[in-house]
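Lifted from TrEMBL, the feature list:
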{"type": "DOMAIN", "residues": "10-531", "note": "domain 'Major facilitator superfamily (MFS) profile'"}
{"type": "TRANSMEM", "residues": "48-68", "note": "transmembrane segment"}
{"type": "TRANSMEM", "residues": "75-94", "note": "transmembrane segment"}
{"type": "TRANSMEM", "residues": "100-122", "note": "transmembrane segment"}
{"type": "TRANSMEM", "residues": "134-157", "note": "transmembrane segment"}
{"type": "TRANSMEM", "residues": "163-184", "note": "transmembrane segment"}
{"type": "TRANSMEM", "residues": "240-258", "note": "transmembrane segment"}
{"type": "TRANSMEM", "residues": "278-299", "note": "transmembrane segment"}
{"type": "TRANSMEM", "residues": "306-325", "note": "transmembrane segment"}
{"type": "TRANSMEM", "residues": "440-465", "note": "transmembrane segment"}
{"type": "TRANSMEM", "residues": "477-497", "note": "transmembrane segment"}
{"type": "TRANSMEM", "residues": "503-527", "note": "transmembrane segment"}
Amino acid sequence: GRALLILLLSATVSLLGGLIFGYELGIISGALLQLQTDFHLSCFKQEILVSALLIGALLASLVGGILIDRHGRRRAILVSNLVLLVGSLILTLARSFIGLVIGRMTVGFAISVSSMACCIYVSEMVAAHQRGLLVSLYEAGITVGILLSYALNYIFADVDEGWRYMFGLAIAPTAMQFLSILFLPVNPVKLSSWDSDCQKGLIQLQNTEDREVAKREPYKEKHYSFLDLFRTRDNMRRRTLVGLGLVLFQQFTGQPNVLGYASKIFHSVGFQSNSSAILASVGLGAIKVVATLIAMAFADKAGRRALLMAGCVVMAISVTTIGLTSRIAPLAMARDCKAAADPNASHSLTQHPLMPSASQAAVSPIPPASSAVKSQAGPGFAASGSLRRVFESTQSRAVVPDSSLTQKRGLVGQSKKETVESTGSPFGGAPWAEHMVLNWITLLSMMAFVSAFSIGFGPMTWLVLSEIYPAGIRGRAFAFCNSFNWAANLLISLSFLDLIDAIGFSWMFLLYGLMGVLAVIFIYLFVPETKGQSLEEIDQQFSRKR
């Protein structure tokens, strides 16, 4: 009974840790749509706000490893919960841009420590044949958290200062995780206590074979310094290469941007109002959850390596497809952001023709209070009017001040009328039909990309990282790789819009496709299969020179 309770609590801690992490990552994409109106955020300030979380997380990964190895995994999770509560309160009560940035940094620090400690704690707590499932549960939590954040973005989209509720609701799962972990035993592996904990009956989750192996072959806990990560001792250098390769490829295949700017990408594809773009993102979140559940089911059967490679292949194909479709029907991404920063154009909505064949009013994706439709939007906009009809009922829920709401509704209606007049039947005009198809291909490619990430890189990276290092340095090694993960995430998120300005949206995504191909080659050459092996066996397998 006690073992089952520990198993359930471990699962709860893993799931809630992921849920909080995903929620905080996803909530900003909808909150930004309101914050840029309330705080008149320029393009640069929006990027700073998105990246503040990453800066906090990066700082945490520099010091978190020491906290996890010195003071134990459980205490690290408890501390991160307290810090997260503070951060959420700062955000909920924020009155200035600086307050928002400090709040996001605090939250980033907390979720980074929690993410490392949860994965390590759970991987050490359970048997080899359950480890894939329970550590992947963390990633399932992340996807549920992202879905929840998108759903709440949608619910609070037309609530005045709805972003306060969005940020404040993170307090509930944090409190639940804090309570769950209070009932779990202290560190399962605290330098050579693995064996004694099993004998005490604290963790009778290992099956009898595991226990027999443990008795026959006593596992010697070794002590490592941080610099051992770069030495040939016990093949540590190769383990570090595997860890760094996985986290860097996870970021450089473009995942943070597809996630963080999901609403904006949907705007550009043609979901014109804030609410419908967020609603489309909710669909994306649902797909992510289903894909992660598939990964959980197969992590201990198909193995880590197979899922990683399969995921990378699909990711490479889908981002390449997005790149190619956006060459024909360009997406208006960076330009939207520039318009938002223009202070002289606060309350005007201008109408202008987009294509010679179909003149139509362009409704800016950014709320009118902070922008004007100044730049010529790409042909993708003109052709994507009928995509809006899918979410016609949500059209009027855009986040705009009351004064310009009627104006915006009128424009939407007007644009629909004009579109129908100028193109006849929806499939009559060739450019219309052609771009409609392309818009849907972009949408489906994005869904394929998200699914592939959630089956491969999403859960498997953290699972492999929590397995390949010896217990004595696991916290610091995980944190070291994690710091590169956050640094890469920060770099990609900060430079996304500038890079699109420089090389164009399509080239950006084709570059991500190339990175996906390189990732497949890397995994094939360097990442070993670890399914069904105890942490000690994995360590011994790595320690042998090969």
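Backbone N, Cα and C define each Cβ position, glycine as well.
Nobody curates TrEMBL annotations by hand; they come from automatic prediction.
Across the residues of the domain 'Major facilitator superfamily (MFS) profile' (10-531), the predicted structure has a mean pLDDT of 74. Taking Cβ pairs closer than 8 Å, the transmembrane segment (240-258) reaches residues 229-230, 265, 308, 312, 315-316, 319, 446, 449-450, 453, 457, 460-461, 464-465, 468-469, 477-478, 480-482, 484-485, 488-489, 492-493, 496, 508-509, 512, 515-516, 518-519, 522-523, 526-528 in its own chain, all 6 or more past its ends. By the count of Cβ pairs under 8 Å, the stretch nearest in packing to the transmembrane segment (278-299) among 134-157, 163-184, 440-465, 477-497, 503-527 is 134-157. Within its own chain, the transmembrane segment (477-497) has Cβ neighbours under 8 Å at 43, 47, 50-51, 54-55, 57-58, 61-66, 68, 112, 115-116, 119-120, 226, 229, 239-240, 243-244, 246-248, 250-252, 254, 256-257, 260-261, 333-334, 337, 465-466, 469, 508, counting only residues six or more beyond its boundaries.
Long-range contacts of the transmembrane segment (440-465) within its own chain (CB-CB distance under 8 A, at least 6 residues past either end) are made by residues 115, 119, 123, 131-132, 135-136, 138-140, 142-143, 242-243, 246-247, 249-250, 253, 255, 258-259, 265, 269, 280, 283-284, 287-292, 294-296, 299, 304, 307-315, 317-319, 321-322, 325-326, 329, 331, 387, 477-478, 481-482, 519, 527, 530. Long-range contacts of the transmembrane segment (163-184) within the same chain: residues 5-6, 9-10, 12-13, 16-17, 19-20, 23-24, 27, 30-31, 34-35, 38, 74, 77-78, 81-82, 84-85, 88-89, 91-94, 103, 107, 114, 125, 145, 149, 152-153, 156, each at least 6 residues beyond the stretch ends and with a Cβ under 8 Å from a Cβ of the stretch.
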